[in-house]
Amino acid sequence: MTEDLDECYDVIVKLSKKGGQLIHERIWSQKSVQFKSCEVDLVTETDQEVEKLLISSLKSKFPGHKFIGEESTAAGIKCELTDYPTWIIDPVDGTMNFVHGYPNVCVSVALWVDKVAEIGIIYNPVLELFFSARRGQGAFLNGKPIHVSQENDLSKSLIGYEFGTSRDPEKMKVVMENMNILTPLVHGVRSTGSCAQNMAMVALGGTDANFEYGIHAWDIAAGYLIVTEAGGVVIDPAGGPFDVLSRRYLCACSQDLADQLVTIIKQHYPERD
Amino acid sequence: MKHDVDQYFETVLGITRDAGKIIKEGIARTKNVDTKLGSWDLVTQYDRRVENVLMKEISKKFPSHKFIAEETNAEQKATPELTNAPTWIIDPIDGTTNFVHGFHLTCISIALSIEKEVVIGIIYNPILDQLFTAIKGQGAHLNNQRINASQVEELCKSMVCLESSFACIPSLKDSIMKRTEACVKVAHGIRVLGSAALALCYVAMGVAEAYHIDGLQCWDVAAGALIVREAGGIVLDSTGGTFDMMSHRILACGTKKLAEELVILFKKADASIIKININNG
C-alpha cells in the first residue's frame, strides 16, 4: 500500500507539539498518580490524555492505520506489528520524571509501514528539544541536522544507563552487575530517566551508547529511526538484529563500540511485548 | 569592613553570563584534552579560558578579593585554604565530562565566601539558559523565579541524584556501588547527571529530593549548597554531621527527615562492605 508519508509527517509533527504543550502546562502542577506493575511504574491522567489526543486525531485522519500505544495496550495482551501502517506511541516517556517535575519528559511517536520505521519523533517540551527523522532523510534536532559521535574507544565513551522501573530481583541484579562492569571501563554513565531521551542523546552525539532491558516497543520505536538516521546503530544487546517487540535494545555511535559493549554486558530477557 | 553583597552579586552575575558564551562556543567543537587526576577528571582549554576571564574581570572590579579556583589550584598543586577575606570559589566548567561530549548538563559555578561563610551562589548553564542564584537571606531563584526544595520526607517517594560513575575511582568504588544499590531498592528513581552544581540546583528546584556525593572539591558544591539552603532545603555532611565544603562530603535534601533516612541507609551500606571484607579477608 502507498501512504502519503509527507502528510503523515506533517500531521504527527503538529500533534506531537500539541501533546507536548499539555505536558509542559502540567509538569509543575498537582497530578493524580496510579501504579501499574509496581510502585515505581506510574501513570498519570496526562499520559492518558495525551495518548487519547494523538490516537483519536490520527484515527480520524488515517482510518486504516493501526496503533500500539502504551496506555491503550491492555496488560497481558501481546502486541502485534503487522504490515499495516502502525503508529507506536509513548505519550509521556519518563512518567516518573513528570511526576517529580524533573525535566526529562518526552512524547515519543513512530510510524512503521511494512514493518519498517518511516517516521520518528521524540519531543521534550520542557527543554524544547524536538528530535525528528524520516527514513533516508537524516535526523534533526529543532530543524538542524544531527549526527552520532565518532567515539570508538570504550574508555572515552559516555554511556546512557538506567536503573529502571522494575523491582524484579533478577532484573535488578543484572542492572547492578552491568553498572559494576561498566563504571571502571567507560568515561562516565548518565541516567536521564527517559528511554527515548537516552536514545536521542546518542543520535545527538551527547552520549556514545545506551542500552536497556525491560522497556517497551513504544519507548524505542522512534529512537531506533532517529539513531540510525543520525549514522548510529541499533541492535539487540546480545549482538543480533534489533527487534522492536523484544523489550531489549543497544544503540551506539558505531558497530565497533556496540560490539565492545556486547562482549562485556550481562543479558536479561524480559517477556516480549 | 562593610561589604555591599548586592553590588558584588550584580557585578559578578554580568561577568558570569558573559563567560557562559565561551562554554556555548566550545561545546560542539573538538577540544584538546589533557588528563588530570585520572581519566575521569578532565581539563580543557575552555576550562582555563573561562576561569581566566572570571578571575581577570572580578579582580578589575574588586582588586582586594581572593580566589579559590579549580584550574589555578591544579596548576599550583595547592590545597585550597579558605580565609576570612572575601573569596570567590570558582568551578569554571562543572560537568567537564559532559562538556567534552557535548552533553547539555554543564555550567559555571561561582560562590562568594566572606568570613568563611558563603553569601552568594551563582550557577549558570548557558546551553539551556538556566541561571540559578542565591544571596544569603534572600531565597533561591531560577531565571528570577523563586524556587523551593521538595517537601517529600520518605525515600520511597523520592528521586535521588547520585554520581554513580565516580565508581571508576578505585578507592570510592565499593562505597558508591553499595550506596547506589541501597538507594535503587527503595527510591522512586536514581538520576546521574555528571554535574554536582546542577544536581544541587535540581534539589533546590524540588524536582529531585536528594543529591549525594563524596569525593568532590569545594568549588563543585559551594554555590549549590547555598542555593539549596536558600530554597528551604538542608545540606549536611554525608555522615550526618555539619556540612563543611572543604571536607569533600555532601548530602543535600529537601527535608531533614529524608536526610536522616539516607544517612542511616549509607551507614548500613558501608557496614556491609566491611562485613564482606572481613569474610573475604
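FYI, residue positions are counted from 1 along the chain as it appears here.
Quick reminder: no glycine exception, Cβ is built from N, Cα and C everywhere.
Every protein chain considered, the tally of other Cβ atoms within 10 Å of the Cβ of A:Glu70 (Mg(2+) 1 binding site) stands at 22. Annotation comment: TrEMBL describes A:Glu70, A:Asp219 as Mg(2+) 1 binding site.
What TrEMBL records for A:Asp90, A:Asp93 is Mg(2+) 2 binding site. In the three-state DSSP reading, A:Asp93 (Mg(2+) 2 binding site) counts as strand. Its Cβ placed at the centre, A:Asp93 (Mg(2+) 2 binding site) has 32 other Cβ atoms within 10 Å.
Distance between Cα atoms for A:Asp219 (Mg(2+) 1 binding site) and A:Asp90 (Mg(2+) 2 binding site): 6 Å, as a whole number. Cβ environment of A:Asp90 (Mg(2+) 2 binding site): A:Gly69, A:Glu70, A:Cys106, A:Val107, A:Ser108, A:Val109, A:Ala196, A:His216, A:Trp218, A:Asp219 lie under 8 Å away, each six or more residues apart in the same chain. Around the Cβ of A:Asp219 (Mg(2+) 1 binding site), 25 further Cβ atoms fall within 10 Å across all displayed protein chains.
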